[in-house]
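Below is one structure, written out as C-alpha cells, with a few remarks after it.
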C-alpha cells in the first residue's frame, strides 16, 4: 500500500496513513512452585533465566529479578519475545538460587529447568510443568508455570466526518477540502497519522469513513491530544489552510449516529485580525466506533486448535519404494522428500493441537486384501481410527505401510479434500472460533480429477480450512499453481468463485539444498492470515476476547 509522505500532496481518494502491519510480541510471565531449598539457614533466593536456541546452541536471552527467601516465587520481570508462527522457537527456562552478586551462572546453585517451544506455551496460554535436573530427573517437587499474553493493542477506530460552510478558497470555484490528523511525537512535534481523500468543489464535504489502528492515532492513550487540520487542495502542493481544532479519542467517543459532535474549524491568523471572526466552518464527527482487530495470536490464545491432516500420494509415478530413484525410497538417513515435507509442516503445527493426534491418509494405491484402488485410506489401515500420535506417529505409519500397498493411480485430490471438509463443516455448527483445519497434501504429479478438485476447493473455501500442497520430484506443477489463487481467485467448473484463497503450493525442489526451516516458513507463510480472514468474515471473535 502506497503512503503519502508528510507534506506531500494528497491525491483524491488518498490511502490512509499509518502502519498497516502488526509486529507481534508475546509477554511471558513465570512463577515457580515447591522449588528445591539450597540454602542451609533460610530458603532459596531464586531467579529465572530464559535461553533461546540459535543454531543448536542455547543463548541467554534475559533473566528475572531475584525473589528473596521464597520457594514459590512469582517473578514481576516479564520476558518479551517476537512471535513467529512459521518457526519452531525453542526456549529453555532455568532457575537458580542466587548465592553471590556474580552474573556468572556457574556461581549459583541450579534449581531445575524446563524446555519447550514458544508455540507450546502460546497454544495453551498457560502451562505448568515439572522442573528437571541436568540428568533429566525431577528437581524434587519443583514446578514452573509460564503464562503467555500478546503485547499489542488490537483496537481500531473508525471515524465518519463531514464539513459545513467551510471557507471558500478558490477564486473561481468553491474549495477542495481534505483533513489531516496529527498526534504529538516524542520530539514534541506534531506527527501526521492520517490524511483523508480530497472532496472536490464543495464547502460541505462528506468524507468516506476511515479506520486506523488506535495505537497509530493516539498510541492507545484515549486522552492524548489530536490535532485536526483542514486544507483546500491545490495541484501544485501549495494547499491553502482553512482551519484547525484539537480533540481526543475520549471526546470523539461521545459521537453517535444519532448525536454527532461538531467542532469549530479555527484559522488563528483570521481570528487575530478580525474582531467579528467566528470560525472557518464546522467539522462534524458523525460517528466514532472502536472495535478490536483480532490477530492470529488472539485466536490461538483464545483456544483455537489447528486440526492437522496429511494426505500422501501413493501413485505409480512415484516409483517402486525399494528403488533408490523412487520418491518414496527411504534413504540410509531414514528420510525422503515426503518425510521431509511432513516434518517441516508437522513440527510447527503439532504445537497448536492439544492431543497431537493427526489423521494420516493416502490416495492412489491398491489395498489388500482385494487390491482395490483407494483415494482416501488410513495409512495405519484403521479406517475407524486413522489418527497417528504426533509427527513421529505419522512418519512411523508411513514407513510401515509402504511394503503393504501397491502404487497405482490416478492422482485424485478431491476425495481427501472432501474428507477434511466434512469435519470442518461439522465444526462450524459450534459457531465459535475453536477449530481450524489444515490439510497437507504431498504429491509428485499432475492432478487427474482437476474439475472435481476445483469444485471441492471452492466449497472448502467457505469453511474453517486451508490446504497446503507440497510438490515433490521434478514434475510440471503448473496445475498446482492454478489452484493457488495468489494471482486470481479460483473458480469451479460451474463458474462459482472461491470465497477466499485457501491453497498454498510449494515445490519441494526449490528447498532441497536449503535449511529445513526455510520450507516451513514458505509453506506456512499464508496460514495465519487465512485463519484470521475466515473468523473475521464469520464475525467470530476469539472465545475469551474482551470487549473494545
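Note that Cβ sites are derived from N, Cα and C of the backbone, with glycine treated the same way.
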Between 247-304, 305-362, 363-420, I'd like to know which one Swiss-Prot lists as region 'Linker region'.
247-304
Of 39, 62, 153, 167, which one shares the Ca(2+) 2 site with 97, 99, 109 in Swiss-Prot?
39
Looking only at the domain 'C2 2' (138-263), what is the mean pLDDT?
92
Where does residue 97 (Ca(2+) 1 binding site) sit in the DSSP three-state scheme?
strand
Remaining residues near the recorded Ca(2+) 2 site, that is with C-beta within 8 Å of the centroid of the site residues 39, 97, 99, 109:
38, 44, 45, 96, 98, 108
With a radius of 8 angstroms around the mean position of the C-beta atoms of 170, 176, 232, 234, what other residues of the same chain does the Ca(2+) 4 site pick up?
169, 173, 175, 177, 233, 239, 240
Around the recorded Ca(2+) 3 site, report the further residues of that chain (criterion: Cβ within 8 Å of the mean position of the Cβ atoms of 99, 102, 109; site residues excluded), sequence-ordered.
96, 97, 98, 100, 107, 108
Under 8 Å Cβ to Cβ from residue 39 (Ca(2+) 1 binding site), same chain, six or more residues apart: give me those in sequence order, or none if nothing qualifies.
45, 97
Integer Å distance between the CA atoms belonging to residue 176 (Ca(2+) 4 binding site) and residue 234 (Ca(2+) 5 binding site):
8
